[in-house]
Amino acid sequence: MGTASSLVSPGEVIEDGYGGEGGEACEIPVEVKPKARLLRSSFRRGPRVIGASFKSTGSVDLEYAAEYERLRKEYEIFRVSKNNEITSMQKKEAKLDEENKRLRAELQALQKTYQKILREKESALEAKYQAMERAATFEHDRDKVKRQFKIFRETKEKEIQDLLRAKRDLEAKLQQLQAQGIQVYDLNDSDSDDNQTTVTAAGTQCDYWTGGVLGSEPSMGSMMQLQQTFRGPEFANSLIDVEGPFANVSRDDWDAAVASLLQVSPHVPQALWSNTVRCYLIFTQETKAELDIFIKKHSPGLRRMCEGLGHFYLNVCFPEESAASCAVERRQEIERSSVCVLLIKSTVTSSVVEDCEEAFVKNPDGHPLVLYLRTEEGHSLTGPARQMLERVNAADKAAKVKVVDHSGSAEEGAELIYVQLEKIVKQELLGLEGADADSKDSEEGREEDSGDVLWDLHDEQEQIESYQQACSSSTSQLGFQKYIDRLNDMIAAPPPTPPLLVSGGPGSGKSLLLSKWIELQQKQTPNTLFLYHFVGRPLSTSSEPVLIIKRHTVKLLQHFWSMSGLSMEPSKILEEFPRWLERLSSRHQGNIIIIIDSIDQIQQAERHMKWLIDPLPVNVRVVVSVNVETCPQAWRLWPTLHLDPLSPRDVRSVVNAECQSIDFKLTKDQEKKLERHCRSASTCNALYVTLLARMITSSGLCWSQEKSVDQFLQCQDTMSLYRLALKMTLSSLSTDRERHIMREILCLVCASHNGVSESEVLDLFPELHLPVLSSLLYRLNRLCVVTLRCGLIRFQHLQAWEAVRLEFLGGGSSSATYREKLIHYFSQQLSQDRVTWRVADELPWLLQQQEDRTKLQLSLLNLFVSQNLYKRGHFSELLAYWQYVGKDKSSMASEYFDSLKHYEKSCEGEDSMTKLANLYETLGRFLKDLGLASQAVGPLQRSLEIRETALDPDHPSVARSLHQLAGVYVQWKKYGNAEQLYKQAMEISENAYGAEHASVARELESLAMLYQKQNKYEQAEKLRKRSVKIRQKTARQKGHMYGFTLLRRRALQLEELTLGKDTADSAKTLNELGVLYYLQNNLDAAKVFLSRSLEMRQRVLGPEHPDCAQSLNNLAALHTERREKPYLRTTPSLAYTLKHLAMLYKRRGKLEKAAPLYELSLDIREKSFGPKHPSVATALVNLAVIYCQLKKHSDALPLYKRALKVYEDTLGRSHPRVGETLKNLAVLSYEEGDFENAAELYKRAMEIKEAEPSLVCGNAPSRHSSSGDTFSLRGPAPLPQAPR
C-alpha cells in the first residue's frame, strides 16, 4: 500500500484528468506515526471483549485504520486536483475576459466605421439626386432658352425682312417717279419667269411669267401643284426629294393637300361617324315572323361582332300600332341609321310606304339598303306595294339596293337577311377588307396602322362629333362675327405670343364660337393644321390631361407620316410634348393652331399644362377657353377675348328661329315679356336663351302656352331653367313607369364615367321598348339635356349634368346607388367573358369611385380588361388604378404574372393559345413601357414561343413578337440583336402582306430610328423615305384615317357645283375633283376631271393662263404615275411640264433622257417668247446644268454666257439672277482651270447678292425650287411662316 509520499514526488507533473491545464505538483505534507503507538491506541480505545484473542482484535482495527487512511489520502488528492482545476479555470476566465474586452473594442470600432460609411452613402445619394435635379432643371432651362432664342432670332429675321421689303418698295416707287414715264421692273410684281408682260423701257414690252396672281384662296388643286420658286441655277443640282404621290409633288405639298381635304370637308351625316351600327327594319304583319326570328336568333351575333370591334349594334323598328304617333322619331332614326332593311310580301301600310319613301327613294345613297321580298305562289303584290317597289327601282339608278328574293320558310328568310347584313356591316360600315375577316384580324390590322403608338379611336371620334355638333348648332352664327374678327387679329399678331384666352360665363357660347371659327379658318387657310379638343364634364375621359396631350402628339405624328418614337409613360408624354411641337412645327409649311375648349375643367390644369407658359414656336398659336369664374389666376394675364351677353336683337333672333322651325308664333305681349326678361347677365347667355326658346316651343305638349311662358320667365338662371325643363319633360310622359325610367336613365348617365349606350339602357330595362326610348331621347335632346356622342348618351352641357344631380340625385348623395347598378351590370358581362371597351372603361372607374379596392384589383387582374385599357392607350389610367389599390410597379407585375400563369393552365386549342400569346405580348409591352425591361423579356419570349408553336413561324403575329423583343434590346443598347430581330420581322411581314404594307413601314421606321441611334444617318434616311412612301400609298388606298366615304361625299358635292356654266371657279372645282379621285386611287376618274378642268380653263382663261399650266402639270404628274405618255399640248406652258418631266429623269439619274426634254423645253420657249426672254435664259441655265453633269463643259459654257447676256439685257446687271448665273459661270471656270476669271466672276456675283438681300422677304421664292421656273398661288396668310 505505501505511504502518500510515495505517490507523488516533489517536482513531478500532475496531469489534469478534467481537461485542465498541466502544472507543477505540490509537496503534500502527510504525518506518519509509528506502528506501535497505533496498536496501543487501538487497544486503549476498543472495548474489552471477554473471551477474544489479542491477535484477532488488533488485526481488525488495523484494517479499518488502513482503509481510513487510504480514503483520506484519496480525498486529499481529489481536493488538491480540484483546487488546481479551479485555479486553472480562473486563469482561463481572466484570459477570456481580456479577449472579450478586445473583441468588444473591435466591434465598437466596426460599428463606428459602419455608421460613418452609411452617412457617407446617404450623403452621396442625396448629392446624386440633387445633381440629377439640377441637371433636369438645367436641361429644361436650356431648352427654354433655346426656344426663346429661336423665337427671338426668327422674330428679328422677320422684322429685318419686313424692313427690307419696305425699303425695296420705296426704292422701286422712287425709281418709277424719277424715270418720268419709263417704268422699271418691280420685283414685287413677279417672282418667276413666264407669261407676264412688263415694260422695261419706253415703248418696249417683253413677256414675263408670274405665278398665278389670284385674289381668291388657293384651290384644292393648287395644293397638288408643285409650288416651285426661284433658288438660283446653282442649286439646280440639288432637287427636291420625290416623296409625294405624284412624281413631281413634294411631301409637304402632299401633306397640305391631305390635311385640307380632311379639314375642308363638309359635315357628313351622323351615320358615318356614329359608333353605333343602327339597323332600321321596315316590316309588315306578313313579314313579322322573319323579323322576330332575326332579332332573337341572328342579331345577337351581329351585336357580338360589332362590340368586339369597338362598336354598338342596335335594331330599330317601330310596331305598326305605334308608328303613326312616332312620325318625327321615325324620320330621325332613318336619318341616323347605318343600314335600312325593307321586309315585304304582298301588302304594305301607310307607315311602311312613308319609311320606304324616306329611306329608299329620297336618299338612296345615304346608307346601304336591303330589300327582302318574300314570294309565294298564288300571292301577288297589291297595287300600293307594286307602286312602292317601282319607285324604289326608279330611284336606285346605281343598282345599290341589295335584293333578297325568297320563297322558302321564315327561318331561311331570316338567315338570308342575316348573311346580307353581316356582309354589309363588315365591308361597308366597319371597313373590313373581306366579308370573312374576323374581328381579331381587323384589330391586328388597325394596330399595325398605328405602329407602336397606342391610342383610342373612340376618343378621336368623340372629339370629331363634339366639333360637328357644335358647328351644326342653330346658334353657331349668333352675333359671333365680331369675335371671329378679333380672334383673327389676335392670331395674326407677330410672335412671340402667349396663349389666347377666350373667357365667358357658363353657357355663353365659347364652344360654339371656337367651332365656328375653326370651320371658317379651315376654309380660308387650308395649309393651317388645327388640333382641337373639347373637354367634357369633370372626371370624364375627355378631361384627362395625359390623354389630351397624347392625342395632340399623335395627330402631329400622323400629319407627318410618322408613328414612332412616342413614349407611353404619362410624365414623359407631358414633358416631351413641347419638344415634339417644336420639332414638327419646323417641318410644317403652314401654321399650327391648338384649341382646347373648357381647359379649366381639367384636373390640376396649371400643373399639367405648364407647357402653355413656355415660349411657343413662331408658327404655333394656342387658343383656350375658360369659365370666367374658374380661370386660374396666372392665366388672367394672357390676351383675353371676353364674350359679352347677347344683345336684345340676338335674343329675338334665337327665339324667332326656334319658333319658325315648328311654325310656332308668340304674341307681341309675350315677345315684350321675353325682351324685358333677357337683360341680366344670367339670362342673356346663348345657352339660356336657346333653352328658353326650345322650352316655349315644346310646352304645348303638357302645359298651356300662357302658363308655360310665365313659369319659364320666373327662372333667373340656366340651372333653374334646366330643372324646370326636367319637370316639364316628366309631366309630358303618359305613365308613371315612363317617368321612373326617365329618372333612372338620367341618374345612370350622371353616375357613369362617360355615359351609357342605348343598347345598355335596353338591357338594364327589359320592359322598355326602343320607340319609347327613342321618343324620350328626342325630347331630352330637343331641350339641350342629352345628346348621342360616340354612341353614348351624354349630357349636352355641364349645367344639365348639375341640374340632374340636384333634381334627381339629391346633389350627388344617391350616386352610389346607381353606380352599384352599373357595377352589377358590367360585372355580369365580365362573368360571361364579354370584355368590351365599355366594360374596361366603366367598371374599374366605378369601383374606384365606390372605394372598393378589393374588387377593383380583381377587375384589373382580369387580363382582358387591362389589355383593353392598355391597347387603347389608357396607360396613365391603368397606372392610376394600381396606385389607388396600393401596388407599386414590381408587385403589379408579379400579380399579372401569377394571373397569367393561372389562365394559361385552362388554355386549350388554337384560339385560346392565340389569346394567351396576345396577353403575354400586352404584358410585355406594358412592362417595357414601365421601364421594367428585364421583366418584359419573359412574357415577350413566351408570346413568341406560343405563336411559333400554335400558328406558324412565318405568321404575321410572329413578326409582332419579334418587333417588341427588338424594342427591349434597343433599350438595353444591344443594337446588333435588335437589328437582326427587326429585319426578321420585316421579312415575315413582306412575305405575308407584300412590300408595301403598313407593317413593313413600321419595321422600316424602327430600323431607321435604330440606325440613327448608331449615327448611320444615310441608311436611316433611306429607310425613312421608303416608310413614308408606303404610308402615303396606304393612306390613299384606305382613304387616310377616316375612310373613302368622306372623300366620296366631298367629290359628289363638288360634282354638283360643276354642272352650271363654264367659269374659273368651276374649272378650279374640277381640278379639285381630279385630286380627290386620285386620293381614292381612281386614276381614270382623276384623268377625266383634270382634262375637263384644263379644257374649261383654256376656254375661259385662255391657253396661256397660269391655271392652265397647273392643270397641265397635274395631268403630266398623273400620267407619270400611270407610266403613260405625258399629256402634251402645243402651248408655252408645255415647256413648264417638259421641264418637270426632265427633272424626274434627272432625279432618277437618267441624264441622257433628261437632256432632250430640256432642249425641247428651250426650243418651245424660244418659239413662244423669243430668244431674249428671261424664260429662255432659265431654260438655257437648266440645259447647261445637265451638260455640266454629263461633263460636256464646252457645250455648257456658251449656254451660260448666252443666259447671262439675256438676263443682263432684260432684268438689269444687278438682278439676282444675273448674280446666280455669274456664280455658275465661276464654278465652271474654276473646273476648267481658269482661276482668275472664276475669281472675278465670283466677286461680281457676291456684290450683286449683297446689294439685293430683299429676295429673302415675303415674295421671295421658296426653298423647293431647283431652277429658275416658279409657280405659286398667292392666298391669304394670316399667320407668319417660320423661316426655314
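Along the chain as shown, the residues are counted starting at 1.
Just so you know, glycine gets a Cβ as well, placed from its N, Cα and C.
The average pLDDT computed over the coiled coil (86-180) stands at 82. Among the features that TrEMBL reports, coiled coil is placed at 86-180.
Residues annotated as domain 'Nephrocystin-3 alpha-beta' in TrEMBL: 272-431.
Here TrEMBL flags 496-622 as domain 'Nephrocystin 3-like N-terminal'. Across the domain 'Nephrocystin 3-like N-terminal' (496-622), DSSP assigns 60 helix, 20 strand, 47 coil.
Under the heading domain 'Nephrocystin 3 helical', TrEMBL lists 649-808.
Taken from TrEMBL, the feature domain 'Nephrocystin-3 TPR-repeats region' applies to 819-1057.
Summarising the annotation, TrEMBL assigns region 'Disordered' to 1-20 (among others).
According to TrEMBL, the region 'Disordered' annotation covers 1256-1284 (among others).
With a threshold of 8 Å between CB atoms, the same-chain residues lying at least 6 positions outside the repeat 'TPR' (959-992) that come near it are 444, 452, 917, 921, 924-925, 928, 933, 936-937, 940-941, 943-944, 947, 999-1000, 1002-1004, 1006-1007, 1010, 1013-1014. What TrEMBL records for 959-992 (among others) is repeat 'TPR'.
What TrEMBL lists as repeat 'TPR' is 1135-1168 (among others).
According to TrEMBL, the repeat 'TPR' annotation covers 1177-1210 (among others).
Within the chain carrying the repeat 'TPR' (1219-1252), a Cβ under 8 angstroms from the stretch's Cβ atoms is held by residues 232-234, 1177, 1181, 1184-1185, 1188, 1193, 1196-1197, 1200-1201, 1203-1204, 1207, all 6 or more beyond its ends. Positions annotated as repeat 'TPR' by TrEMBL: 1219-1252 (among others).
Within the repeat 'TPR' (1219-1252), the DSSP-based counts of helix, strand and coil residues read 31 helix, 0 strand, 3 coil. When each of 272-431, 649-808, 819-1057 is scored by its Cβ pairs under 8 Å to the domain 'Nephrocystin 3-like N-terminal' (496-622), the top-ranked stretch turns out to be 819-1057.
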